[in-house]
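Participant: Please find one structure pasted underneath; my questions will follow.
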Ligand SMILES: *Cc1c(COP(=O)(O)O)cnc(C)c1O
């Protein structure tokens, strides 16, 4: 049976990415060797990094003065690398979920942290709007898409201090104005490739201002200087990410992605709002286009397990909600085909008829 992959991460990838990566693992560029058994500094691999950097710059319209890096350590390493490199005295954080909280916790190791607002009291089901960013902070950190709670900040905020964004689960899902950000980071395994590589886009002029010594590997300047090749980078995840970038460009880039993402998410939210059994968990105005969270209405709660099994029998994978929200979460990343969303909607309608 055809599987519909709604996994939250690692998650669905384009068939193009999977097939080309599988080929390169068997025989890279027809050289008779696997991509896994050649030097990252060889003449065959260098163009992979160069092209990936160029495509990120092109697809995201990154202005001059920014560097694009491919680093190891996951988005979670950025939680400490950001303050290590940028926090001298004080930083501001917007607390919109589990990942935002984790980022904030790390920053406290390096200096004063001001939490400008938090939606924790409402189990992070909305994104706070009324807050003041202290003008004397070294930076302001946000999480654009809250993977677990299904809320998304789809507006490039105005900030009096450098804006830092964790875009792990919505990078390349819509056009953004990179010039409004000081640093953007994203683990690859939601919208781009397999786990193991993290994209960092950093405005060069922000670096070199903190007084503390920074270990070589944790200093962004090391990786800028060495073109992400200070040490052996995650070669296969970078190659796979390059395939996704090519796929994305072929389909029309981030504007085309946004259109498709809006269409997919609207179809599913419309069904959640229409169906008598289900209710969405995120505030309507903050609903994510990437992670769509919903639960059974109170009076149908006892049907939750049954719907999970019913959907699984129709090929749905990964729709169980995160334990902190419960119910269901359908992740509708770039690579998820519209037909999978339609299949889920059909299952929801069918289940409604049965009850
Ligand atoms: C998944 C996720 C992370 C953690 O990513 P790792 O690469 O596993 O460290 C951080 N932030 C957000 C928003 C995520 O969705």
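For all residues, glycine too, the Cβ spot is worked out from N, Cα and C.
TrEMBL labels come from automatic prediction, so no person has curated them.
Pulled the feature table from TrEMBL, pasting it below:
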- 41: L-glutamate binding site (BINDING)
- 75, 76, 99, 147, 166, 189, 231, 232: pyridoxal 5'-phosphate binding site (BINDING)
- 5-342: domain 'Aminotransferase class V' (DOMAIN)
- 190: N6-(pyridoxal phosphate)lysine (MOD_RES)
Participant: Let me check the 10 A CB neighbour count of residue 166 (pyridoxal 5'-phosphate binding site). How many other CB atoms are there?
Facilitator: 30
Participant: Based on a Cβ-to-ligand 1 distance below 6 Å, what subset of the binding-site residues 41, 75, 99, 231, 232 would you report?
Facilitator: 75, 99
Participant: Which three-state DSSP class does residue 75 (pyridoxal 5'-phosphate binding site) fall into?
Facilitator: helix
Participant: For residue 189 (pyridoxal 5'-phosphate binding site) and residue 41 (L-glutamate binding site), what Cα-Cα distance in Å is obtained after rounding to a whole number?
Facilitator: 24
Participant: Just give me the nearest neighbour of the residue listed as 'L-glutamate binding site' among the recorded positions 75, 76, 147, 166, 190, Cα to Cα.
Facilitator: 75
Participant: Just to verify: the residue among 76, 147, 189, 231, 232 with the fewest other Cβ atoms within 10 Å, which of the binding-site residues is it?
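Facilitator: Minimum Cβ neighbour count within 10 Å, taken over the binding-site residues 76, 147, 189, 231, 232, occurs at 232.
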Participant: As a test of the contact definition, list every same-chain residue at least 6 positions from residue 190 (N6-(pyridoxal phosphate)lysine) whose Cβ is closer than 8 Å to its Cβ.
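Facilitator: Spatial neighbours, sequence-distant, of residue 190 (N6-(pyridoxal phosphate)lysine): 8, 9, 10, 11, 147, 168, 169, 170, 171, 290, 331, 333.
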Participant: Return the residues near residue 99 (pyridoxal 5'-phosphate binding site) by Cβ distance under 8 Å, restricted to its own chain and a separation of at least 6 in sequence.
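Facilitator: Counting only residues 6 or more apart in sequence, the Cβ neighbours of residue 99 (pyridoxal 5'-phosphate binding site) under 8 Å are 75, 143, 146, 147, 148, 166, 168.
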